[in-house]
Amino acid sequence: MKLLASTVLMGAAAASIAPQQQVLKNPFQSASKPISEAWSKSMESLNHLTDSMKDMTSEAKAVWDEVSTLFPEAMDRATFFQQPKPHTRKPDTAWDYVVKGADIQNVWVENSKGEKEREIDGKLEKYNMRAKKVDPTKLGVDKVKQYSGYLDDEENDKHLFYWFFESRNDPKNDPVVLWLNGGPGCSSLTGLFLELGPASIDKNGKLHNNPYSWNANASVIFLDQPVNVGYSYSGGSVSNTIAAGKDVYALLTLFFKQFPEYAKQDFHIAGESYAGHYIPVFTHEILSHKKRNINLKSVLIGNGLTDGLTQYEHYRPMACGEGGYPAVLDSSECKAMDNALPRCQSLIQSCYDSESVWSCVPASIYCNNAMMGPYQRTGQNVYDIRGKCEDSSNLCYSALGWISDYLNQAAVQKELGVEVSSYDSCNFDINRNFLFQGDWMQPFHRLVPDILEQIPVLIYAGDADFICNWLGNQAWTEALEWPGQKGFNAAKTKDLQLENGHKTGTFKSSGNFTFARIFGAGHMVPMDQPEASLDFLNKWLNDYTL
């Protein structure tokens, strides 16, 4: 879960502001300096920052001025970093396994030319990974073999929590899937218990088996990232997707080194919502290392935010009755969104051209207000156009509160080796920080063509979602410039159906690229259509076709 709606309205978005950021012309070469060092000082007021805005477009500066005028006190008091979570680190002796990145870094082998080279690429010396065996009988989430633990970045005091479930079927041969929720700032453990994991939790805290769990035929890693999300913690912060990608590569490298029995299996990355940002970057990071122990075969993105310039154009059609469901907005509101679109697209284009915080933040603020705000103000569920938001304190879903209650139980945290004092399903500070580093509108879709040259990509979308709707996802896949674009756009749409012939959606595919529309599902497809989601997952993992 989820692309958070917290930053849709300007009041929420203006809760914080970031200092000047270097232009991310080549982000994969600019992230070498620790984020916590680069962003270690509190914010200056917006009035002070305007001295540095000389290179901004007039449109972008106007948005900054609007926010400053409406929320001057919030801007003056803004602080970029949240307080670290209270935590107590356990000694290494408390864990069943400890693997040190420095040990992996120091392994040298002889290549075919007789030259010495590192066995595995990457700067791993600052990373360690700790793991413990989870007793399935104590928690009762599933009967399969499980591990939980932390990836530690010792240099930057970052600690990412993960929970691994072995396949219920044939773990020695079944693939491994990394699952990522979005937000940014939402725990992947919400995906575990709300969507695709082995069990769900009711209002009484009772566990219920999920027969459509994604570990039916695959082992699954649920990862709380970036730091300070879920059970993860840090004394600093990660506030952009690029920095998070380095951590994920390190985690997977150390995990497969410690558990080589899974390293030979096919590996896939899947996620939803803001994972539409995460997955292209994380995949690019993995594929950039030619000597690796990660057998990456494909990626899957569900209801993602990937190409804002294309996707934001489709909020008005979805809200106004052109996405297969009745209109939520009246004609005057739809017209206002039409009128706002050119300015929104101009701001996003400026962000794409410069990749600078000064262009990307105004684009996010203006477009979120103009293109999402009218819908959100109706009280309709932004994650499912078919109904109202029933529990605003839990992002419209009461089950999120039940999950938090369960994961805050001392017995649960003890069995998992948790080192923080509390669990929250979503960290809104992370969401704010990513927004005000300009990450929200970064053009990470530009990485997809290179990925398509190497591995298959599946984009799927529940057709009742508003916030990352199927119209926008279909549009960006068709707009993507890559060698196979013409063939993909000309491909025939086919029915997606279960073995019994029941139609669950449609899809189109060409080369390594596939787009699927899932009927009757909102933002969280595995929750709304569990049988259909497991069916297309199994088909995809089998031969990358639906």
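Using N, Cα and C of the backbone, Cβ positions are placed for all residues, glycine too.
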Open item on the list: For Cys186, what is the disulfide-bonded cysteine listed in Swiss-Prot, choosing from Cys396, Cys426?
Closed with: Cys426
TODO: Using the record from Swiss-Prot, pick out the residue from Cys320, Cys360, Cys367, Cys389 that is joined to Cys344 by a disulfide.
DONE: Cys367
Task: Among Cys186, Cys334, which are disulfide-bonded residues, the residue with the most C-beta atoms within 10 angstroms of its C-beta - done: Cys186
- [ ] Could you tell me which of these recorded positions, Asn217, Ser273, Asn512, has the greatest number of Cβ atoms within 10 Å of its own Cβ?
- [x] Ser273
- [ ] Report the nearest neighbour of Cys334 (disulfide bond) in space among the active-site residues Ser273, Asp465, His523, comparing Cα positions.
- [x] Asp465
Task: Closest of Ser273, Asp465, His523 to Asn512 (N-linked glycosylation site), Cα positions, active-site residues only - done: Ser273
- [ ] Would you count the other CB atoms within 10 A of the CB of Asp465 (active site), including those on all shown protein chains?
- [x] 32
Open item on the list: Using DSSP and collapsing to three states, where does Cys344 (disulfide bond) fall: helix, strand or coil?
Closed with: helix
